[in-house]
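The structure under discussion appears below in the form of structure tokens.
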């Protein structure tokens, strides 16, 4: 693990010591190199001795998320260049350092082998994100958004700490690799039901579960571009990852407790998709679509069959790349028009034809067009939920239809129609933006050729 962690730490002095005109290029190139090292972890042999130590271990669930995290840093840096072009030099360096610090915490969270260590790092990711949102956001509401973000996450995760101490007392260890072999199950007592709720609530808020999701649209809308990208792509996956790690420890309690949460997720999935159909704000629409996709992941994790786990991991990776790409596109619109309202940006297809092609591809991956891994993930989840209960197929079908509707609605409102006169003298799309879109789409397309490397713990 250190062969990723140490280079990531060294990116911070690299940023502060670079020449002013080389900051972006240095960090981006070295970030890409680190992400190429992390691809090594995707090859998981059966005797997984190479990748485990006392502090860190990686298995086939954390490896894809690790690769996604490291892949995102250079993309965030590429996307932020225009946003920070007017800032003084030290502030640029501070911004890049925050992103690197956040990536460091995330890498360590996904590979921590101890539950308390995992908890500390899970909370530590909050700090750089909060600074990025409240310092570099666009509107003044960003302070409000930061407050929501902080308090929702903290309120959710404090009971988890108490629950972990209790589990440590009960089982004698909190090491992931040791607890897997613990034979004695937790009985269905009232105290253990509260224990389950305490464990799950932190991750449900992070996912977010419908009803606990109010911080997400706020944080997404107010965050700068890199904040939105990392929030949608990786921070939401922390919730899914934590749930997949902890639900297996708490059986048979999970089977007993899962019903209300699954109902809430299935209901919330349709509700948030319907909210998307009425949005005027572009970033808000993408944020709500994230909530509905993550509701699918919650359902999959709570069903707890091999198929649903495969679907959940595939969907998490696919959604990470897709939503990040959509935020980049929304940001490139925002940099030209200085408004997030979709109607004001209509008719862009005639002015920026290549950008319209990227919009089309991003919308199609968002609505899970057949060859993409989004579809593979959704199919696995739909099949496993159908075998769990036949009625869910109706809800899933409605949700998939509404997803297709709002994705196409987003595409049509931003790209088609007659353009308004205030955007005639718009800047053309930069090579940087096209490269950014290519680097988002490339993994999606390549993974659809060989999806089994991201199907998680079963393979």
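Each residue, glycine too, has its Cβ placed from N, Cα and C.
What Swiss-Prot lists as transmembrane segment is 22-42 (among others), and the listing cites sequence analysis. Within the chain, the transmembrane segment (22-42) has long-range Cβ neighbours (under 8 A, six or more residues past its boundaries) at 3-4, 7-8, 11, 14-15, 51, 58, 63-64, 66-67, 69-71, 73-74, 77-78, 81, 89, 92-93, 96, 100, 453-454.
Annotation source Swiss-Prot lists transmembrane segment at 60-80 (among others), citing sequence analysis.
Marked as transmembrane segment by Swiss-Prot: 93-113 (among others). Non-local neighbours of the transmembrane segment (93-113) in the same chain are 1, 4-5, 8-9, 11-12, 15-16, 23, 27, 52-58, 62, 65-66, 69-70, 72-73, 76-77, 80, 84, 87, 121-122, 124-125, 128-129, 131-132, 136, 175-177, 226, 230, 234-235, 238, 241; each lies 6+ residues outside the stretch with a CB under 8 Å from one of its CB atoms.
Annotation source Swiss-Prot lists transmembrane segment at 114-134 (among others).
Swiss-Prot lists 147-167 (among others) with the feature transmembrane segment.
Sequence-distant neighbours of the transmembrane segment (193-213) (same chain, 6+ residues past either end, Cβ-Cβ under 8 Å): 122, 152-153, 155-157, 159-160, 162-164, 166-167, 186, 235-236, 238-240, 242-243, 246-247, 250, 253-254, 256-257, 261, 264-265, 267-269, 271-272, 291, 294-295, 297-298. Annotation source Swiss-Prot lists transmembrane segment at 193-213 (among others), citing sequence analysis.
Sequence annotations record features per position, and here Swiss-Prot assigns transmembrane segment to 224-244 (among others) based on sequence analysis. Counting residues 6+ beyond its ends, the transmembrane segment (224-244) has Cβ neighbours under 8 Å at 61-62, 65, 68-69, 72, 75-77, 79-80, 83, 95, 99, 102, 106, 109-110, 118, 122, 125, 129, 132-133, 136-138, 200, 202-208, 216, 283, 286-287, 290, 294, 297-298, 301-302, 309, 312-313, 316, 319-321, 323-324, 327-328, 331, 456-457 in the same chain.
Among the features that Swiss-Prot reports, transmembrane segment is placed at 256-276 (among others), with the record citing sequence analysis.
Annotation comment: Swiss-Prot describes 284-303 (among others) as transmembrane segment, evidence class sequence analysis. Residues 204, 207-210, 213, 216-217, 220-221, 232, 236, 239-240, 243-244, 247, 254, 258, 261-262, 265-266, 268-270, 272-273, 275-276, 309, 311-312, 315-316, 319, 323, 326-327, 330, 340, 342, 366, 377-378, 380-381, 384-385, 388, 392, 399, 403, 406-407, 410 of the same chain lie 6+ residues outside the transmembrane segment (284-303) yet bring a C-beta within less than 8 angstroms of a C-beta in it.
Residues or ranges marked as transmembrane segment in Swiss-Prot (evidence: sequence analysis): 308-330 (among others). Remote same-chain partners of the transmembrane segment (308-330), defined as residues 6 or more beyond its termini with a Cβ less than 8 Å from a stretch Cβ, comprise 61, 64-65, 68, 72, 75, 79, 220, 225, 228-229, 232-234, 236-237, 240-241, 244, 282-283, 286, 289-290, 293-294, 296-297, 299-301, 340, 355, 358-359, 362-363, 365-366, 372-374, 376-385, 433, 436-437, 440-441, 443-444, 447, 451, 454-459.
Here Swiss-Prot flags 351-371 (among others) as transmembrane segment.
Annotation source Swiss-Prot lists transmembrane segment at 435-455 (among others), citing sequence analysis.
Away from its own ends, the transmembrane segment (351-371) comes close to residues 289, 318, 321-323, 325-326, 329, 332, 377-378, 400, 403-404, 407-408, 410-411, 414-415, 419, 423-424, 426, 428-429, 433-434, 437, 440-441, 444-445, 448 of its chain (Cβ-Cβ under 8 Å, at least six residues beyond either end). Contact count against the transmembrane segment (60-80) (Cβ pairs under 8 Å) is highest for 435-455, out of 114-134, 147-167, 256-276, 435-455.
Through the fold, the transmembrane segment (114-134) approaches residues 55, 95, 98-99, 101-102, 105-106, 108, 142-143, 145-146, 149-150, 153-154, 157, 160-161, 164, 167-168, 174-176, 179, 202, 219, 222-224, 226-227, 230-231, 235, 238, 242, 245-246 of its own chain, all at least 6 residues removed from its boundaries and within a Cβ separation under 8 Å. Within its own chain, the transmembrane segment (147-167) has Cβ neighbours under 8 Å at 115-116, 119, 122-123, 126, 129-130, 133, 174, 195, 197-199, 201-202, 204-206, 208, 212, 214-215, 218-219, 249, counting only residues six or more beyond its boundaries.
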